[in-house]
């Protein structure tokens, strides 16, 4: 059935139902002929609530919907909508007073989701602080700007931008989300662009390491502009194609949130999954070469495996391999769902922190450059103190009087 025809039928049913309701309540009185000639027509909103014909300037209340998205709501509460002076309905409907009726299982999940949200906020805050500090260190320490550290710097930049966009998404309330505002869709688009650039810079990290370690190709021949193009430019057409698809096929709910049967999000999720799979292959080859080199050394087997495991754990957040754990939801089991929620929230929100620690704060070049700057500052400060003392007027702890000088001269 055509969507426009279906909507008109629903609005017709809405008008009939409201007419019956008003007549039963004794409200079936025609409008005042001396009153205003413009009225807000009977309409059906996106939630499915019927709004009756109303006079301009009126604040109309209707019972909350009984069910929405499979959740039962308290119908004794009311939703509110204003009929504007020009005879049109306000675009925003106030559903803030509508409360869901949750059973014990839903209440438990609601509690876990609230705790997971706190973990997300904490992780993103800690990550942003660490990432900004790492960004400033790479900005100030010009002596360590080799290609490898430039790649780290760009990856850290994408983490910062992605986390900031995540905070902006949290500011969007339910009404704006349902209203599908233009600025809301723009924020979702920007967030998804930074998500894709973040993964593509993880791919760049994998390309660099695989080229240097597995292919034993001289990194001096690698071009910075090529990595910049891969990390920042390739995600642009991907996100543009996704935005066009959303605009024409799934233009609702600020383009955020995926429902069953929605395929447009795979336009950008597909390339992300592909680069993660490639990075997994890179990681396998890097660890394989590392194990081969460790076996050729004279160290004990236990130390060799320890070094290999350490290198693998350090590379996991850099290459984004941890995201592969969240490709598939564990299922309907309660314990699995709860573990999935917390594990997902912790790893995804704290990943920026781990990358900053492993590849900036624990970076030998960064620490050596910081020590060098610190010693230089100490030397410079130590030189300034004697000069300042030499320029000051010396004073004696004892005062010599003019009378004593005369006595000394007389002797």
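Quick reminder: no glycine exception, Cβ is built from N, Cα and C everywhere.
The DSSP secondary structure for residue 50 (disulfide bond) is strand. The disulfide bond annotation in Swiss-Prot covers 14-50 (among others).
Under the heading disulfide bond, Swiss-Prot lists 40-83 (among others). The Cβ of residue 83 (disulfide bond) has 39, 40, 54, 55, 56, 57, 58, 59, 60, 89, 90 as same-chain neighbours under 8 Å, each 6 or more residues away in sequence. In the three-state DSSP classification, residue 83 (disulfide bond) falls within a strand.
Classification of residue 98 (disulfide bond) by DSSP places it in coil, neither helical nor stranded. Positions annotated as disulfide bond by Swiss-Prot: 64-98 (among others).
Cβ contacts within 10 Å of residue 184 (disulfide bond), excluding its own Cβ and spanning all protein chains shown: 22. Swiss-Prot lists 184-254 (among others) with the feature disulfide bond, giving similarity to another entry as the kind of evidence.
According to Swiss-Prot, the feature N-linked glycosylation site maps to 13 (among others).
Among the features that Swiss-Prot reports, N-linked glycosylation site is placed at 41 (among others). Taken residue by residue with DSSP, residue 41 (N-linked glycosylation site) is part of neither helix nor strand, so it is coil.
Residues or ranges marked as N-linked glycosylation site in Swiss-Prot (evidence: sequence analysis): 74 (among others). When Cβ atoms from all protein chains are considered, those within 10 Å of residue 74 (N-linked glycosylation site) total 13, not counting its own.
Under the heading N-linked glycosylation site, Swiss-Prot lists 86 (among others).
Here Swiss-Prot flags 94 (among others) as N-linked glycosylation site.
The topological domain 'Extracellular' annotation in Swiss-Prot covers 1-108 (among others) and rests on similarity to another entry.
For the topological domain 'Cytoplasmic' (140-146), the residues of the chain that approach it from at least six positions outside its boundaries are 365-366, 369-370, 372-373, judged by C-beta separation under 8 angstroms. Swiss-Prot lists 140-146 (among others) with the feature topological domain 'Cytoplasmic', giving similarity to another entry as the kind of evidence.
Per Swiss-Prot, the feature topological domain 'Extracellular' maps to 172-185 (among others). Residues of the topological domain 'Extracellular' (172-185) grouped by DSSP class, helix first, strand second and coil last, total 10 helix, 0 strand, 4 coil.
The annotation topological domain 'Cytoplasmic' is assigned in Swiss-Prot to 215-221 (among others) on the grounds of similarity to another entry.
Look at Swiss-Prot and you will find 250-265 (among others) tagged as topological domain 'Extracellular', backed by similarity to another entry.
Annotation source Swiss-Prot lists topological domain 'Cytoplasmic' at 292-302 (among others), citing similarity to another entry.
Sequence annotations record features per position, and here Swiss-Prot assigns topological domain 'Extracellular' to 328-334 (among others) based on similarity to another entry.
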Note to self: Need this for a regression test: recorded positions 41, 86, 94, 254, filtered to those with Cα within 10 Å of residue 74 (N-linked glycosylation site). What's left?
What the structure shows: none
Next item on the list: Could you pull out which residues elsewhere in the chain have a CB under 8 Å from any CB of the transmembrane segment (147-171), counting only those six or more residues past its ends?
Entry: 121, 124, 127-128, 131-132, 134-135, 138-139, 187-188, 190-191, 194-195, 197-198, 201-202, 204-205, 208, 219, 222, 224, 227-228, 231-232, 256, 318, 351-352, 355-356, 359-360, 363, 365-366
Checklist line | Neighbour-count leader, CB within 10 A, glycosylation sites: 86, 94 | finding: 94
Notebook entry, point to check: Looking at the recorded positions 41, 86, 94, 184, 254, which has the shortest Cα distance to residue 64 (disulfide bond)?
Noted result: 94
Note to self: On the three-state reduction of DSSP, what should I expect for residue 254 (disulfide bond)?
What the structure shows: helix
Check: Does the chain bring the transmembrane segment (109-139) near the transmembrane segment (222-249), so that three or more CB pairs sit under 8 Å (pairs 6 or more apart in sequence)?
Finding: no
